[in-house]
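Colleague: After the structure tokens below, expect a handful of questions from me.
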Amino acid sequence: MQRVESAGQTTARRTVEAGHGAFADRYIFGVPARFMAPRLLFLGAVAFLALFGLTMIYSSSSITALSSADAHYNAAFYLQRQLLFGAVGIVLAFVIARFDYHLWVRKLLVVEWLVTLILLLLVLTPFAGSDAYGATRWIQVGPVNLQPSEFAKITLILVAANLISEYYEGTTYDSRELITFLVFGIVVPALLILRQPDKGTFTVVAVTLIIMLYFGGAPGKLCIGLLVLGIATLALVSYAQPYSRARIEIMMNPWSDPYDKGYQLVQGLYAFGSGGVFGVGIGMSKQKYSYLPMAYNDFIFAVVGEELGLVGTLGMVAAFVVLLWAGLKIARYAPDLSGQLAAVGCTFIIVAQMLLNVSGVLCMFPLSGKPIPFVSYGGSSIMSSLMLAGVVMSVSLQSKLPQTEYDDRRSEWSVTSAPRQESFVGEPTPRSARRTSVPLAGTATSAEPTRGRFTVLGGGREPGAERAGGSSTSPEQLRREREMRARANGARVTSDRRGRTRIDLGPSASDRLRTRNQGPEVRGYDGPTRDRRRDRRGR
């Protein structure tokens, strides 16, 4: 027996077969799918990368921790610390996402900028700054080292989102004020980051700001010019410093000094070569046995390539691609330009930092020391990455449909929104009590219900004309008034067999357009025509 489908099922089936998909009408957990689907994908990508990172951190650091007194000879030492920092980052991300992003982009922006500036200045002081690997990037806070430049990325993105949106969308800043705020709000903190030196953070921040400028409405040629100028400036500055120049030379040929300056790059390439397509298996890496320095931090991508092979590395990159796609979708439905730029900036800087690390490990870019977000070990890195995700979630929770021309028309339609005193009609009257011409036996007839109140602007009688007399005009009185006006204008009023009153409007519309002595034209006949409608009665 063939199953009969309902009208709704038929419509849905035809919609799917037509390839249109009723995606706009679907809901996920009570939220429109166009908002919830990117949100779930973004959260899923973040959760996958964080869990994947915990697995790889334990796999790549367990041997080092077992042989280290600083790790108390505990194989899970780095995993436990990463879990602790991750828990703090989740709390911070939840707080950021819980509040409207306008609180962070506008209201508390000055406070955020001042705190960031103070932390960056403390790094340069001898009593607070901590040196490691030839750079001063950390602040010693008890047993924990914090890297202020990681948190400065968030502040610079929010400052840029505010300035660009106010310049291109609002009228708050002119060109001179924009340049002034750019110098103090972005250039000064960026130069403090470059002073540490932390060229990796400076690079990803600069690229992200240029991308935000493009999304904000700046010309593409200007953005490309700024990008080329920034790369050239960074290359000149790096080549002028011996430490950075050595990294550039080693990138070109790591086998020129395979046992000293190029040792880390060479061992990383060995790890990739050992992994092949499918890898040697999780936990089976050989390079992590003290052959590959910083295997759980800067070079964790090499361990991923060895243990999971080409498939594992592509899977990790694919997760970042999903995160990028979901972040851009969230930015698309942001309520305003500042939210769109904040979501774009926070998403792009995560992906840009991943690309910077991967290209450095593969000898495609000088080593920067930047970890892979969510994957590499690092307290400041995991906390700042989760905070960036919190900003994107805050924008997503405020998402709404883009304003269309139909929404503009509805907002300008003042029929239902105008005040009552602006109306030009009196009290609304009920519709005439209509009955059937021949009532059915046993059927009760009643008047139709009264319409709800509504307001019409323009036309009609003076407001309250009937209310002033204390009574409203009934339908019968209105009918009599129309008949009296028709008789006064010379119209014929007739009645049919059922007693219904009709007004004879005279000849038809086509006859009223002709003169009295003009009849209908007959094609192919030039003789006189009889006016057959002259004595015809009206309707």
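Each Cβ is built from the backbone N, Cα and C atoms, and glycine gets one as well.
Owing to the predicted nature of the structure, the values given are computational and were not obtained by experimental measurement.
Feature list, courtesy of TrEMBL:
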- 40-58: transmembrane segment (TRANSMEM)
- 78-97: transmembrane segment (TRANSMEM)
- 109-128: transmembrane segment (TRANSMEM)
- 178-194: transmembrane segment (TRANSMEM)
- 201-218: transmembrane segment (TRANSMEM)
- 224-244: transmembrane segment (TRANSMEM)
- 265-284: transmembrane segment (TRANSMEM)
- 308-328: transmembrane segment (TRANSMEM)
- 340-368: transmembrane segment (TRANSMEM)
- 374-395: transmembrane segment (TRANSMEM)
- 406-539: region 'Disordered' (REGION)
- 477-486: compositional bias 'Basic and acidic residues' (COMPBIAS)
- 494-503: compositional bias 'Basic and acidic residues' (COMPBIAS)
Colleague: Does the transmembrane segment (78-97) reach the transmembrane segment (109-128), going by 3 or more CB pairs under 8 Å (6 or more apart in sequence)?
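Modeller: Judged by the Cβ rule, the two regions do not touch, with the required three close pairs absent.
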Colleague: Between the transmembrane segment (40-58) and the transmembrane segment (374-395), are there three or more CB pairs that fall under 8 A, provided the residues in each pair are separated by 6 or more in sequence?
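Modeller: Yes; at least 3 Cβ pairs under 8 Å.
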Colleague: Go through the chain and flag residues at least 6 beyond the ends of the transmembrane segment (224-244) whose CB is under 8 A from any CB in it; none is fine as an answer.
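Modeller: Cβ under 8 Å, 6 or more out: 134, 194, 197, 199, 202-203, 206-207, 210, 213, 366.
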Colleague: Within this structure, do the transmembrane segment (178-194) and the transmembrane segment (109-128) have 3 or more Cβ pairs under 8 angstroms, counting pairs 6 or more apart in sequence?
Modeller: yes
Colleague: Cβ under 8 Å, sequence separation of at least 6 from the ends of the transmembrane segment (40-58): give me the contacting residues as numbers and ranges.
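Modeller: Sequence-remote neighbours of the transmembrane segment (40-58) are 28, 75-76, 78-79, 82-83, 86, 282, 296, 300, 303-304, 307, 316, 319-320, 322-323, 325-327, 329-330, 372-377, 382, 386, 389, 392-393, 396.
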Colleague: What are the DSSP helix/strand/coil residue counts across the compositional bias 'Basic and acidic residues' (477-486)?
Modeller: 10 helix, 0 strand, 0 coil
